[in-house]
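A.B. asks: From TrEMBL, here are the annotated features:
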DISULFID  C135-C172  disulfide bond
DISULFID  C158-C209  disulfide bond
DISULFID  C164-C211  disulfide bond
DISULFID  C187-C196  disulfide bond
SIGNAL    1-19  signal peptide
Amino acid sequence: MGISHALLLILCALLSVHGTTVQHYLRLRPSPSEHLPIPDIKEDPDKEYDPREQDLTERTLRKKLGSHFDPNFMSIHLPIQLNASAPLDVLGPRSPMPVELKKLDLTETPYGRRVKVGKKARRKFLQWLWTHTHCPVLYAWKDLGVRFWPRYIKEGNCFSERSCSFPEGMFCKPVSSVTKTFLRWYCQGFLRQKYCTWIPVQYPIISECKCSC
């Protein structure tokens, strides 16, 4: 019981994270936010504000986006598994165990007493602990709609169906993000007097999740 309590205190210190400033979009441009992934954007339903077929020439848009095109996170055509999240690694986390966890001293107790822990038992316990506290990023394709190019983005989410600590109490939360540049169809004016063009916009994607108090 004493060891479990001590481990919870240690984990809170090791796994606590500081919130990072990220961005979300309100119709067009990004603004500061603490919430990822980005919620669905509310679009004007009028089809007059959609790009026309001649505005969607792949060669022209690829040239305009240039080196920002990242096939790992964006797709021009409908991905085969649009709504399928990346499966969890049932055998345990693929990333290496953190150094802080490897150095965790299991022999000390909060009351100054020491307990004996064999090397094999220690190794198995730390692996079990890392498997239960690891927070993978689960990726799934999202349709941004015709007013974004490329239209499809692979978005990250933190696994939150269970607590990531032992004893329970902490949950996986985003701590880092990467920014990808997309093209956004932007119209000024109204109907026949409007002027529309593609402009570059930045879209943050969760890249790392951690167990947080």
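Positions of Cβ are set from backbone N, Cα and C atoms, glycine also.
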A.B. asks: Which residues, sitting 6 or more apart from C196 (disulfide bond) on the same chain, put a CB under 8 Å from its CB?
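C.D. replies: The answer is Y49, P51, D55, W185, Y186, C187, Q188.
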A.B. asks: When the Cα of C158 (disulfide bond) is compared with the Cα of each of the disulfide-bonded residues C164, C172, C211, which one is closest?
C.D. replies: C172
A.B. asks: Give me the count of other Cβ atoms within 10 A of the Cβ belonging to C172 (disulfide bond).
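C.D. replies: If we count other Cβ atoms within 10 Å of C172 (disulfide bond), we arrive at 25.
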A.B. asks: Restricting to the chain of C135 (disulfide bond) and a gap of 6 or more, list residues whose Cβ falls under 8 Å of its Cβ, or answer none.
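C.D. replies: C135 (disulfide bond) has long-range Cβ partners C158, F159, C164, C172, K173, C209, K210, C211.
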A.B. asks: If you count other CB atoms within 10 A of each CB, which of C158, C187 wins among these disulfide-bonded residues?
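C.D. replies: Comparing the disulfide-bonded residues C158, C187, the most crowded Cβ belongs to C158.
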A.B. asks: Mind giving me a neighbour count for C164 (disulfide bond)? Other Cβ atoms within 10 Å of its Cβ, every protein chain shown.
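C.D. replies: C164 (disulfide bond): 23 neighbouring Cβ atoms within 10 Å.
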